[in-house]
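Questions regarding the structure given below will be posed in turn.
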Amino acid sequence: MAKLYFRYSAMDAGKTLDLLKVAYNYEDRGRKPLVLTSAIDKRAGLNKVKSRIGINQDAYSLTDRDNIFEFVENYNSSNKIDCVLIDEIHFFTQEQVWQLAEIVDELNIPVICYGLRTNYLGQPFETAALLLAIADTLEEVKTICHCGKKASFNMMVQNGKAIKQGNPIVVDDDSLKEIDTKYVSVCRKHWKEGVYE
């Protein structure tokens, strides 16, 4: 029986790397995964997912206006798929999360979502909150803070200072480097204190 999975973490924990590993394992066994990502995240270019260590794979980039259920149903009618893997789920909508549940329930295809639980303001992404409520299986992908504790928060650092206000969605791409901005995964204590190294 198919399930809806949510694998979440702070940034730099290896979510995309895990997605690529799962896709490889399916393909290595003669199965067909369908890899989807958000068109908002253009770090690897459109129609591609790429881990921070450089491994990449072709994918379909979807917008928040796309009906994922219809996309998967149409794709599956001509290319039998065994699993749907979604990177950057936090950039999708709650309606699309319900469409993913429909893929599991109506098409009996497992769906594995990878994404952030919270933004750099410490607030949950709406899609993450919904997935935490409705996913059949929740799995935390763990990483560590500079202090050695588990990192569960994302901190935006600009010109050496922690940022705690602004647009909740800022994509980590090359444009941030131009304004000396980066994201750092930290524990709750260091997120509250604004300490990132």
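Cβ from N, Cα, C; glycine included.
From Swiss-Prot, here are the annotated features:
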type	residues	note
BINDING	S9, A10, M11, D12, A13, G14, K15, T16, D87, E88, I89, H90	ATP binding site
ACT_SITE	E88	active site, proton acceptor
BINDING	C145, C147, C187, H190	Zn(2+) binding site
Which is it, of D87, E88: the one of these recorded positions whose Cβ has the most other Cβ atoms within 10 Å?
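The residue with the most neighbouring Cβ atoms within 10 Å is D87.
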Name the residue among the binding-site residues K15, H190 whose Cβ has the smallest number of other Cβ atoms within 10 Å.
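Among the binding-site residues K15, H190, the sparsest Cβ neighbourhood within 10 Å belongs to H190.
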Within 10 Å of K15 (ATP binding site) (Cα-Cα), which of the recorded positions E88, C145, C147, C187, H190?
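Checking Cα-Cα distances against K15 (ATP binding site), the recorded positions within 10 Å turn out to be E88.
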Could you round the CA separation between M11 (ATP binding site) and E88 (active site, proton acceptor) to a whole angstrom and send it over?
11
Rounded to the nearest Å, what's the C-alpha distance separating S9 (ATP binding site) and the residue listed as 'active site, proton acceptor'? Just drop the number here, would you?
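Counting only the Cα atoms, the answer is 11 Å.
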Would you say which of the binding-site residues M11, A13, I89, C147, C187 has the most Cβ atoms within 10 Å of its own Cβ?
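Top count of Cβ atoms within 10 Å goes to I89.
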Excluding near sequence neighbours, so keeping only residues 6 or more apart in the same chain, what lies with its CB under 8 A of C145 (Zn(2+) binding site)?
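Result: A151, S185, V186, C187, H190.
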Would you list the other residues of this chain near Zn(2+) - those whose C-beta lies within 8 angstroms of the C-beta centroid of C145, C147, C187, H190 - in sequence order?
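Residues close to the Zn(2+) site, other than C145, C147, C187, H190: I144, H146, G148, K149, A151, V186, R188, K189, W191, V195.
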Whole-number answer please: how many Å between the C-alpha atoms of the residue listed as 'active site, proton acceptor' and C147 (Zn(2+) binding site)?
27
